[in-house]
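Asks: Could you have a look at this structure, given as structure tokens, before my questions?
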Amino acid sequence: MINLGDKQSTIVVAMSGGVDSSAVAAMLHEQGHNVIGITLQLYDHGMAVGKKNSCCAGQDIYDAKMVANKLGIPHYVLDYESKFKESVIDNFVDSYLQGETPLPCVQCNKSVKFRDLIKTARELGADKLATGHYVRKINGDNGAELHTGLDPAKDQSYFLFMTTKEQLEYLRFPLGGLTKGETRKLASKFGLEVADKPDSQDICFIPDGNYKSVINKIRPNSSESGKIIHVNGFELGEHSGIINYTIGQRRGLGIAYNEPLYVVKIDPKDNIVYVGPESALNVQEFIIRDVNWLADEIKDNEKLEVAVKIRSTRPPRLAEISKLGDDKMKVKFLCEEKAVAPGQACVIYAGERVLGGGWITREIR
């Protein structure tokens, strides 16, 4: 059994209705902590009821309530729809309209699940907030550090890079040292009906995967057609709206050419999609903005060799980073990398420790 090493405490558990957070609630309850379950209603979940493998749908709220009832712990459902729309959905839509590839789960963790939920937990008199994320919090010489989960297949550190130092002190991640299989065994041991519940696979507010319909609903007439231009300067055809394209995309371009073409750049100002050969996707360096830094401060002229991830599914790559003012950094790969997409996160690691990260800008070369 994993023990948090804390004395008996009042702990709020963010309960999504899935097996991970349910196992956390059961684990902490068995250890004698005063556990309070909170489930956030984040969007109009009616469209997601009955959808398999979606997150935060009506069924999930019901499952969280059933787990809380079985454990005999208080459980609250909080309506965060307006906060979620403002902080996550609107940002998601606007990012696509700017020709970016957004990452709504990071925005949700940053603003709603951590910032707002920690505030609520404190108001309830809780000492800590626990979640079912597969990451580890390790107490270092200079305070709490964020580390990868021990199970590489389930590590979620990429999605939590915007967690602040203050938030990290308050948070607990009991599953960071477990595999998914071990978590399911724990849930079975506690007799939880969600022990075999499938993992969520989709963006929670787009359970059918059709993000374009969400964008068009919130921002009508957002699929304005425009030019497709080869990186060498000649026009190849017409696109159906920049929201339909992302960096590195090959399929669905609707262009006949003598070699495979990929989306290399998206220009939202002039409504142009640039395409080129695979070699045109190669990137040596880029700039990140809104940097959240969890380690010792980097000096202005200092260059630091690190590992970076530019997509959650890609392995870390060696790079050199340097500061550019208070909230920007330059990232330079030691070897070129393909398809660096504006709007995605660049997360910076030293071994298993998350040093920080930021959002990839258009300043790519």
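Just so it is clear, glycine is given a Cβ too, placed from its N, Cα and C backbone atoms.
Per Swiss-Prot, active site, nucleophile is recorded for Cys108, and the stated evidence type is sequence analysis. Per Swiss-Prot, the feature active site, cysteine persulfide intermediate maps to Cys204. Annotation comment: Swiss-Prot describes Ala14, Met15, Ser16, Gly17, Gly18, Val19, Asp20, Ser21, Leu40, Gly132 as ATP binding site. The disulfide bond annotation in Swiss-Prot covers Cys108-Cys204. Look at Swiss-Prot and you will find His133, Gln344 tagged as site 'Interaction with tRNA'.
Mind mapping these onto the model and telling me what they sit next to?
Replies: Around Cys108 (active site, nucleophile), the same-chain residues six or more apart in sequence whose CB sits under 8 Å from its CB are Leu42, Phe84, Ser87, Val88, listed in sequence order.
The number of other CB atoms found within 10 A of the CB of Cys204 (active site, cysteine persulfide intermediate), across every protein chain shown, is 21.
In the three-state DSSP reading, Ser16 (ATP binding site) counts as coil.
The DSSP secondary structure for Cys204 (active site, cysteine persulfide intermediate) is coil.
Note on His133 (site 'Interaction with tRNA'): other Cβ atoms within 10 Å of its Cβ, all shown chains, come to 26.
For the recorded site, Gln344 (site 'Interaction with tRNA'), the DSSP three-state label reads coil. Its own atom aside, the Cβ of Gln344 (site 'Interaction with tRNA') has 23 Cβ atoms within 10 angstroms in the protein chains shown.
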Asks: Please give me the CB contact count at 10 A for Leu40 (ATP binding site), counting all chains in the structure.
Replies: 25
Asks: Looking only at C-alpha atoms, tell me how far Ala14 (ATP binding site) is from Cys204 (active site, cysteine persulfide intermediate), rounded to the nearest Å.
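Replies: Pair distance, Cα basis, whole Å: 16 Å.
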Asks: Other than its own, how many Cβ atoms are within 10 Å of the Cβ belonging to Gly18 (ATP binding site)?
Replies: 22
Asks: Please work out the number of neighbouring Cβ atoms within 10 Å of the Cβ of Ala14 (ATP binding site), leaving out its own Cβ.
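Replies: Cβ-Cβ neighbours of Ala14 (ATP binding site) within 10 Å number 23.
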Asks: Between Ser16, Asp20, which of the binding-site residues has its C-beta surrounded by the fewest other C-beta atoms within 10 Å?
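Replies: Across Ser16, Asp20, these binding-site residues, the one with fewest Cβ atoms within 10 Å is Ser16.
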Asks: Filter the recorded positions Asp20, Leu40, Cys204 down to those whose C-alpha lies within 10 angstroms of the C-alpha of His133 (site 'Interaction with tRNA'); answer none if the list is empty.
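Replies: The recorded positions passing the 10 Å Cα test are Asp20.
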